[in-house]
Structure formats: structure tokens, C-alpha cells
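Colleague: Sharing a structure, written as C-alpha cells. Questions coming.
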Amino acid sequence: MFTLCTWVHYQKVNILLHLTISAFLKKFLGKGKKEVLSVFPSRTLQLQTTRSWEFIGLTETAKRNPTVESDVIIGVLDTGIWPESESFSDKGYGPPPKKWKGACKGGSNFTCNNKIIGARAYSSDENSSVRDEEGHGSHTASTAAGSKVPDASFYGVAKGIARGGVPSARIAAYKVCDSIGCAGEDVLAAFDDAIADGVDLISISLGGTPTAVESDIISIGSFHAMEKGILTVHSAGNEGPSVSSVSSVAPWLFSVAASSTDRKIITKVVLANGKTLTGNAVNSFTLNGTKFPLVYGKAASRSCSDILARHCEEGCLDSKLVEGKIVVCNDPNVIETSRVGALGTIILGDDQKDVSFVLPLPASILATDQYSVLQSFLNSTKNPQGSILKSETTKDTHAPVVASFSSRGPNSILEDILKPDISAPGIDILAAFSPVASLSSFNEDKRRAKYNILSGTSMACPHVTGAAAYIKTFHPDWSPSAIKSALMTTAWPMNATIQGQYEDGEFAFGAGHINPVKAKAPGLVYEASKDDYLKMLCSINITAFGTCPKNVTGAPKDLNYPSIQAQVNAVKKFTVEFPRTVTNVGPGNSTYVAKVDVADSDIKVSVKPGTLSFKSSGEKKSFIVTVSGKGLKVTSRLSASLVWSDGTHNVRSPIVVYTNSF
């Protein structure tokens, strides 16, 4: 039975797909009455799924407005929530904010409190409950706004204080997903309810394949939320590193990529010859002994060819030949080793070696260099033995780095809008879980826990939700675009993991890695209103979101967006102008000077005027960025950045010009 739809899955219009495990895990482990603006097919979406807050600077001692924070309401559209979790305790909370207009319709045996102030389920089953049976919704909700819980861990791994970014905030849970998926009509209904209920932000960690905004339910629902002053934070998707795989494409959505923190979870393998190998996995098991027989897959099969047996393909392993042994497999096929009751498994797995998964038996996944050492040991030893140790944490000095699985740009729907927008922690995240859900997506795994370690852009999304809520406590009247701009323009700049790789760089991390405390005082913000979005949509003949103004001119690149991007024709010379307007949210009398950093001599960037002088807070100033260059090759991405600085504030925007990948 599938428990965590942490990854993007296959999807079809009007068809609910029965899923057994997530798409990547499958590969990795075993191959009211309102005006109608448009009509489109209902789609089924899928879920995409503590050191992290400390890593991004939002520590327990960070300056806060606790009274205002307790008035912030986060709507979470997900698999529901487990109300008895300590992360959702309402100890010390007062009654819900007066602005709250929602209800607790959690179903039988579900009670709200002053932390979880609202609950709604969307299902034709009249006995449906908001109670989370998958774990994903509890994980995301607690990451954004969970109460402080000391000594939280996954069987002792990653032990510490579990908390959300805004622990005093309230949560409204909207159960739109189950183990099958997330029906489009339910997602839209939840958006409508959340807006009417009075939430301040919406967090939605689910999605599908890139879809035109006029037929994408999350784009449509979030547009209505934006009209009411509600920011929607959305996971970018988990189909990375494939080019143009990002599924959160609308500019009014805050699209989040996943990246690492400085805490990495590893699982060591100790061989009988004294050598220690380091691999990835979240292993909670402690083997009762120090040495156990190691058996290669081909020696544990009586029914398959050597090639299939080496890969531990389904149906190949003999339970009698693996009893009490650790099976070594050339392919990450935990399904088979678990089925036959192996003591443990050691696996070759170079793909996504930056992430650790919870597996149903003692296991470690080794990169090629480590696996080669193991193979040499097997080939040179008559009775090879070894052991798999319980997982431990280690410091990752390279963090933050965008996750290999995180969906990449360029934006395949709106080519001149950079997506994803920003990066946030999404690897090895410890947070609340459902105590009735399988921890590893396997029926054979009978372990249950209150906290689990998950990875995915689903986990990154609520980090940005929590950060946005934090900013809102200092600036309650800021628009969704102002909050988004503040977080984007103050993000930590990141470097491409592989220089020159098309799908890396800004296509992977957007504006950079989130820095919530810095975003409290961004200096300047780029704002966009409903009318601005309509003008952009109408410039490309999309009329489903409202009436187009007369004589629309311009293009999507002209939207007043915090990042700057344009697709250009390959080989031909180009000059592109980007008009932008900034609003002063800092000191009244201030002067900002533009600084451009160009990473590649093939492009030139100019800014006019190069100085902006403000006399009051709230004052607006406009400028034009011009990017020119000689003919670029097919599949080129060139980057630069613009920073407006007054000596105290540095307002940074990434600049990207690119050609198509085909």
C-alpha cells in the first residue's frame, strides 16, 4: 500500500490512478454559486513530500511578534492531519482569531483545537474524515507551523526539537488527497473554502505535469486566492533533473525547489576486513550482532538468469538462500529483498545519491566507488561477512545544493517567467507523521512512528510557507507579491552544481536559497496586482481569468516580477528590454545604486536609470533592464544578476536569457 505520494506521479485527465508506491521510489525500489470563467477537464494530482529552520536562519531566538503570529492562519491542502500529534498541541493558545470564519468538519472521531482551528474533508463518502492516514499532510503542516516538541526523532535518528517556522500560527486542514491521489474538483473546492474561511496563506504540496494555466486547477484556485490577498506557496515538483519538468508555472504562485541542509543522514556498512563504506538510507534498525553473511543476488537465486539475479529482480530471490543474510544487489530493488525476508540489503544506487529514504529493512545504498570496494571484497573472500549500522547524521559542508530530484526549468508554459522561484530545505526533513501510516510505503513494514524523515519539494514548500507567514507577522498589510518579492530578492545566491549544465543554475534554484530573517526588511519590493497578471495573460491571448483591458500591449517578460528572464532565438543577435518598478518599503530618504554582475561575456546588461532616489516610504520608481547578446547556441542558458543597494539593503534579481533545448 502506498503511503507517501512524496513524488510526482503519472496522471491522466478524469482518471484516478491506483498507485502502489511513489514514482521515484517505484524506480528506485523496484521499477457557492459563482460565474463560470472556463470549463476544463478535472485532473487528478499527486502529492509531492529539525535542523532545517536553524540552517536557514529562522532560529528559536530570532525576533518574532508572537501575538501577531498567533493570528496568522495557514491553510494546508493535503492528506489531512493527525490532530493528536504533539506538533499540533494547543497548550498556551487562546481562542481562534476573530477573523476566522471557518468550521471544524473533520468527520467522526476528529476534534479541532486552538491550534488546528479548521478542518474539511472532500470526498463522496459521507463518513470521510480529515484524519491523516498517509502522513504527508501532518508532515507538511507541522513543518510550516508545528508547535515545539522536544526530543523528537525517527527512532533516535535526527533527534532534537521539532517545530515549524511559525510555531504560534494556526492551521486549517483541507483533506483533498488520499492514497489514490488528489481529485481536481476537490482541490478547487478546498481553495474556495479556504478563501471564504479567512486563511492568510495557502500551502499546497501536490501537483502533476506542466499544464496551461487556464486549465490548471492550482493556477486557477491560487489566482482567486491572490485576488483576496492570499499567497499560495506551491511545490515545484519532483521530476528533476529533467529539463522543463517544473509543474508550478503561474507567476502568482510561489514555486519552491528542494535543496539540502548541512545535516546529512548516512548509513554505514562495515565489512569483516575492517573497511567501512558510507551509503544513503534512513536505517532505524539495529542488527543483533556484528557480522552477518553477505550474499550476492546471483548466488541467492535458483530461477533467474545471472543478470536478473544480480539485480535482484522481482521473483528471482529464494527465501531459503537469503535467510539470515544481507543481500547485495546491483539494482535498488528493495521490494524483492523485503519480500523474501532477507536480513538486510546493500544496493548500488548512483541516482539521487543526495537523498536518504526510509526503507523497510536494514539497508544502505552505495555510490559506484563504494560499491566497487564491496564487490572486490565479495570476489576475494570465501565467506564474506559484514553488517549495516544504524543511521547517523553528519555535517554537509556543501549545503545548500538543489536536490537532484527537484523539478527544473525552463518554464514550458510561460517561457519568460523564471520557475522555480526559490529553493528551500527539502532533503531528509524530520516532521510529524501519522501513527497509522507505513513509514516506508511497504505493507510488510509494521513500524509506526509519530515522526518521520521525508524528502521532496513537498517538504520544501512548507518551509517557504512558514517563512512567508513569518514575514506577514511583521508586515500584515503586504500584498502576496510583496511578501514573495521580499523572500526572493533577499535569498542567498547559489551556484550551479555543474557549471554550464542547461538544467542547473537558476532553472534549478530560481532566485536562490530562502533567508527569512533578511526578508523582514528587503528595502525594495516588486509588486504585481490582479490587473498586472490579467494584462500579462491577455498579452498571450489567455482570457479565462477575467475581462481583458483594451489595447493590451507588452509580453510576459514585462510583468513586474522579482526575477528577469527571456527566451531568445538561437544563433540570432538579440536585445531584450525588461521594464520594472520597485516600491520603497525601507527608510523614506534613501538612494539605491544598480550593480550588475554578468557571469558570461556573451551577454551585456545595462540598467537605466542606474540610480533610484526615494523621499518617502511607499514611493515607487521605475527602470529598464536591457540585455543584449550575440547569437546563442541551442540549449544555452546565460545568467547575470541585478542588485539595487543603498549600502544596507541589497535587492537582488537573477537575470536569465536562454534558448530552447530542441
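Cβ coordinates are placed from backbone N, Cα and C, and glycine is handled just like the others.
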Colleague: Of 77-99, 123-145, which span is tagged region 'Disordered' by TrEMBL?
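Modeller: In TrEMBL, residues 123-145 carry the label region 'Disordered'.
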Colleague: Which numbers of helix, strand and coil residues does DSSP report for the compositional bias 'Basic and acidic residues' (128-137)?
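Modeller: Helix/strand/coil tally for the compositional bias 'Basic and acidic residues' (128-137): 2 helix, 1 strand, 7 coil.
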Colleague: Summarise the model confidence on the domain 'Peptidase S8/S53' (70-510) as a single mean pLDDT, whole number.
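Modeller: Overall, the domain 'Peptidase S8/S53' (70-510) comes to a mean pLDDT of 95.
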